[in-house]
Every structure is written in C-alpha cells, then in structure tokens.
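This report refers to the structure that appears directly beneath it.
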Amino acid sequence: MLGKTQADQGAAVIRAERLGKTYAEGKMRTPVFDGLDLSVATGETVAIVGASGAGKSTLLHLLGGLDIPTSGEVYVAGRRMSALSDGERGKLRNRSLGFVYQFHHLLPEFTALENVMMPVLLSGQDVSIARGQALQLLESVGLGHRVEHKPSELSGGERQRCAVARALVNKPGCVLGDEPTGNLDDKTAGTVFELMLELNRAQRTSLVLVTHDRSLARRLDRVLELHQGKLRELAPSAV
C-alpha cells in the first residue's frame, strides 16, 4: 500500500487491489500496468501524474467503473465493482462518484441548472429536490446569476465550474478529475482548482485528479506518479 496517510480498508472511499489492465487487438497484447494498489481516504486529495501514455486516464476510468480491469479489483464505497451488474455499477457511480473532465461534457440543449439537476433526477429524486440542490451548488460556484444560460452562452471557466457543480450535486464520496483544468488559461485554471479544494473542505469529498500541472499537484495531500506500469508516491521535493 502507498503512503502513510492512506486509509485502511474500512475507511477508504475507493480502493484498488492488484489492479491490472492489458489491451488486446488480435494476437497483440499491450500491458498498461499490473498489480497496482491504491486506497483513498474520506476527504483526502490525491494527484496522479506521469508522462503522456503512461495510463493515467485508464487508471481513472478503472477506479470510476467506466472500464473493466484485466485483473484485480476496485471497491467503491465498500462494494466490489466486478460483482455488480452494469445497471448496479451505474447507480453506484451516480450516487458515490463525481466526474470532471478536461472538456466539460455539458449537454448543449440544456441550461446550466438543468445540467446540474441531471444526476439528482437520475438517482430517483423529484424535480423540486433536484432543482433545490442544483441551485445551491450553482450559487456556491458563483453561477447563481447564470442558471438559465446554456453552455454556449457561458465562458470556458463558467462551463467548467458548472461541470464541477454537476459532479458534486449528489454529495459523492469522491470526485475523479481527468485534467479538469487542462483546457483553461492559467488564471481560470487556478480559480477552478481553488473552487474544487474549497468544496473538498466543505463537503469532505475526496479528490483524485489526473494532472500534468506539478504546481497544482503539490497542493494536494499526496502525489502519485504512474511510471512504466508502476504507481509510486513522490516526496514533496520530487514533485
């Protein structure tokens, strides 16, 4: 296991054991990594860094149940993902995880409010509850005055703040971010990053962020480097 601050099995919001992924095309086999162990505690913030093509996004997809590992297990909120049906995995993701990507993936035909309401509606809550939770989150990310605007009417930073609100609206145990500030200018990226840290502190939501920005990575609790198929924790001086 990695890191002195890492949670024990009972307290982990996400846990991976001996995780491996190999891509197959015909007779060709391309191993990405094998035997990775990782545990993320409640409220902990973790950066994953590494060279392009190292498998960082693949690891994030496996942790989020968006892809199936070749070997090993992923546990989310104590539940083994491989033991769940596709439908059960989808419900667990919606309830326990939030996702923020480099590109916002907002639905263009819906307003900011409707986009943020969507995860709550998918969890089975009624419209009034979904609207209330979405309005509260949009206000907290500084978009209370833009709730009726569609993504095309928002700036890049506003769209990403809306995506952060959508990721957090169901109060997930962990948010997984794949270069969430990578498509923004430095000033806007800093604003969005600060927002994610503020919400992490306020809600005790864990963060696992893939980033190429070492200056941002240094501000998280732990920095893990994926290198040649192995995951290692970096000392602060090495980040």
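One-based numbering along the chain as shown.
Using N, Cα and C of the backbone, Cβ positions are placed for all residues, glycine too.
Pulled from Swiss-Prot, these are the features on record:
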DOMAIN    14-239  domain 'ABC transporter'
BINDING   Gly50, Ala51, Ser52, Gly53, Ala54, Gly55, Lys56, Ser57  ATP binding site
For Ala51 (ATP binding site): DSSP state (helix, strand, coil): coil
Other CB atoms, at most 10 A from the CB of Ser57 (ATP binding site): 18
Which listed residue (Ala51, Ala54) has most other Cβ within 10 Å, given these are binding-site residues: Ala54
Per-residue Cβ crowding (10 Å cut-off), top of binding-site residues Gly53, Lys56: Lys56
Which of Gly50, Gly55, the listed binding-site residues, has fewest other Cβ atoms within 10 Å: Gly50
Cβ neighbour count (within 10 Å, all chains shown) around Ser52 (ATP binding site): 7
ATP site, defined by Gly50, Ala51, Ser52, Gly53, Ala54, Gly55, Lys56, Ser57: further same-chain residues with Cβ within 8 Å of the Cβ centre: Leu226
